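Following: one structure in structure tokens, then a few remarks.
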Amino acid sequence: MSITLSTLLDLKKKSEKFAVMTAYDATFAYEMDQAGVEVILVGDSLGMVLQGHDSTIPVRLEDMVYHTASVRRGARNAFIIADMPFMSYGTPDQAMAGAKQLMQAGAHMVKLEGGAWLCDAIAHLSRQGVPICAHLGLTPQSVNKFGGYKVQGKEASQAQLMLDDAKALEQAGADILLLECVPTKLAKQLTEEACAPVVGIGAGPYTDGQVLVMHDLLGVGAGKKPKFVKNFLAGSDSIQAAFKGYVEAVKSGAFPAEEHSFNI
């Protein structure tokens, strides 16, 4: 069965969790589809895990279009979200031009990083029938402004700003919200207040969906893994089994556990 935005809204209404994973090619997208992953994110994380950069900033729109098309050819049932890369949505018209390419490549939704300043671009896209995911909290394209990959929303003023931004973005037309590296308590409140499905990564167990970068989930790649990551390949006899284990853990609420969350 093909997953649609309506499917995800129904899951939220029924308080049923859904699993999200990143993919960048047809083969792994197919395996995720077979494992029951509801949503595949074609992430600009490809800049780090595929291209070897130390951030997502060097990723180009043409990179995202290429990998989105590859994923679409492999996944026939999953709902596909494609990241809009750094500096590709500064104005509504610029956002529309990029979204057009990604949607024509096979995306069902595009993702933008930022707060309420995105509202004009989101409203413009929404009026034209483009589904949008708004990414809040730790937004990797702003890593240089943050001074590193740090938990966001720890202070009361930061938390309130994030809640206000989420409401503004949803009112502007955001269909899904994604929270990265935010305290569990804040993510829980935001998820309860939002009508849109909320996906978390490093945001505790109370969001409607969970997302992990595929390479992190499989325990591959150099460097120390973030606190919110779990290696699902360890103890599994295949990549397919690891993907299924992740889906089951998300749906049952077993993942993320307290050890993967920021209880601040």
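Including glycine, each Cβ sits where the backbone N, Cα and C put it.
Per Swiss-Prot, the features are:
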type	residues	note
BINDING	D44, S45, D83, K111	3-methyl-2-oxobutanoate binding site
BINDING	D44, D83, E113	Mg(2+) binding site
ACT_SITE	E180	active site, proton acceptor
**Q.** Number of other Cβ atoms within 10 Å of the Cβ of K111 (3-methyl-2-oxobutanoate binding site) across all protein chains
**A.** 24
Q. If one measures from the C-alpha of D44 (3-methyl-2-oxobutanoate binding site) to the C-alpha of the residue listed as 'active site, proton acceptor', what distance in angstrom results, rounded to a whole number?
A. 14
Q: In whole Å, note down how far the CA of the residue listed as 'active site, proton acceptor' lies from the CA of K111 (3-methyl-2-oxobutanoate binding site).
A: 13
Q) Would you say which of the recorded positions S45, D83, E113, E180 has the most Cβ atoms within 10 Å of its own Cβ? A) D83
Q) Taking the Cα atoms as reference points, how far is D83 (3-methyl-2-oxobutanoate binding site) from E180 (active site, proton acceptor) in Å? A) 14
Q | Spatial separation of E180 (active site, proton acceptor) from E113 (Mg(2+) binding site) - C-alpha basis, Å | A | 10
Q. How far is it from E180 (active site, proton acceptor) to S45 (3-methyl-2-oxobutanoate binding site), counting Cα to Cα, in Å?
A. 13
Q) Once D44, D83, E113 are set aside, which residues in the chain still have Cβ within 8 Å of the Cβ centroid of the Mg(2+) site? A) G43, S45, T56, V59, M84, P85, F86, K111, L112, H135, P140, Q141
